[in-house]
Amino acid sequence: MKIHEYQGKDILRQFGVPVPRGIPAFTVQEAVEAAQKLGGPVWVVKAQIHAGGRGKGGGVKVAKSIDDVKALAGQILGMQLVTHQTGPEGQKVRRLYIEDGADIQKEYYLSCVTDRGTQKVAFIASSEGGMDIEEVAHSTPEKIITIFVDPLVGLTQAQGEELAKGIGMPADSTAQFIDICQKLYKCYMDTDASLVEINPLNRDSKGNVVALDAKFNFDANALFRLPEIVALRDLDEEDPAEVEASKFDLAYISLDGNIGCLVNGAGLAMATMDTIKLFGGEPANFLDVGGGATPEKVTEAFKIMLKNPKVEGILVNIFGGIMKCDTIATGVITACKAVNLQVPLVVRMKGTNEELGKKMLAESGLPIISADTMAEAATKIVEAVK
């Protein structure tokens, strides 16, 4: 789960990480009032969306008067902000963050993220913070340093010093930088985050180190014990189909193709999408119904897939382990009738009660195309949507 920058800064503030003063705004008038309350003389008007690259996309502007704040807020609020992370369709800006202007002398990058390979927390830092960190990672990876923190030990003073030295933090700011790293680590652990990123981390002309941005991702599996984090969720920033799917415990992710996929198991779902692409098709979604799918869940899955106007065909690929094939067959038949299915449907089932499931589909009277292998299923659905 992601949150907005201003929400992330509130969390950092709670853990003692220095951040500039700022006030969220939902209207142009609120933006003006926020600027007046902060007092200026320079403000930053920031679009609040769940994507990076806002500055390059025109979503972060400096204002030097209240009139500037009003004009920029009117320009940014409601715009369709396109960044390298939103895709070409962009994301509508519904919230702003009005923040004190900063004395920027040197920008750094700092983040901590779960590293599953080492089963540790990776601290990543760079002397080249700001809007072009992706380009730094691509062109000059030697400017990015990584250390791994054992969660049983925590971030040590020596590791903090290693980070400071690695990014060339001046001596008069090193102690403050290490303190921020330790507080960031505690924040990361205590909030069950999977990513906390500060980009940029600014050092001003007086040697003060301040977080000018905040990006958080939280482990969805831990949200049950973090109601205060769940309360920060902004459904407007999420795909409506994914939000709807989550209500029925369906793992759904929208893609750009035209072949809907309904599969049980994440691994099989990814393999199914790969196979569709191998045979010249493009999947329209990832959809894992899990091991406890009911006919009702299958019906809802069909409804969600078919809300996407790009879907021209559906492939159902089921391995009957925990999930019984006859249960899926019942769900498929029920779903086809409930949605009055008008697009080609290919079903491949293997495993528990396989023959019974196939028999039910064959006797349903519905134009369901059967397949025995993944390759056959992919070939048939790709041909059917041509």
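Along the chain as shown, residues are numbered 1 onward.
Any Cβ shown, glycine's included, is placed from N, Cα and C.
Copied from Swiss-Prot, the annotated features are:
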type	residues	note
DOMAIN	9-244	domain 'ATP-grasp'
BINDING	Lys46, Gly53, Arg54, Gly55, Glu99, Ala102, Glu107	ATP binding site
BINDING	Asn199, Asp213	Mg(2+) binding site
BINDING	Asn264, Gly321, Ile322, Met323	substrate binding site
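Long-range C-beta contacts of Gly55 (ATP binding site), restricted to its own chain and to partners at least six residues apart, with a cutoff below 8 Å, comprise Met131. In terms of C-alpha distance, the listed binding-site residues Asn199, Asp213, Gly321, Ile322, Met323 place Asp213 closest to Ala102 (ATP binding site). Mean predicted confidence for the domain 'ATP-grasp' (9-244): the pLDDT average there is 95. Most Cβ neighbours within 10 Å among the binding-site residues Glu99, Glu107: this distinction goes to Glu99.
Across the residues annotated as binding substrate (Asn264, Gly321, Ile322, Met323), the two Cα atoms farthest apart lie 10 Å from each other.
Annotation for Arg54 (ATP binding site): spatial neighbours Lys46, Ala47, Val60, Leu81, Thr83, criterion Cβ-Cβ under 8 Å with sequence separation of six or more. When the binding-site residues Asn199, Asp213, Asn264, Gly321 are screened for a C-alpha within 10 angstroms of the C-alpha of Glu107 (ATP binding site), the residues that qualify, in sequence order, are Asn199.
When the binding-site residues Asn199, Asn264 are compared by the number of other CB atoms within 10 angstroms of each CB, Asn199 has the fewest. Of the listed binding-site residues, namely Ala102, Ile322, Met323, the sparsest Cβ surroundings within 10 Å are found at Ile322. In this structure, the C-alpha atom of Gly53 (ATP binding site) lies 42 angstrom from that of Met323 (substrate binding site).
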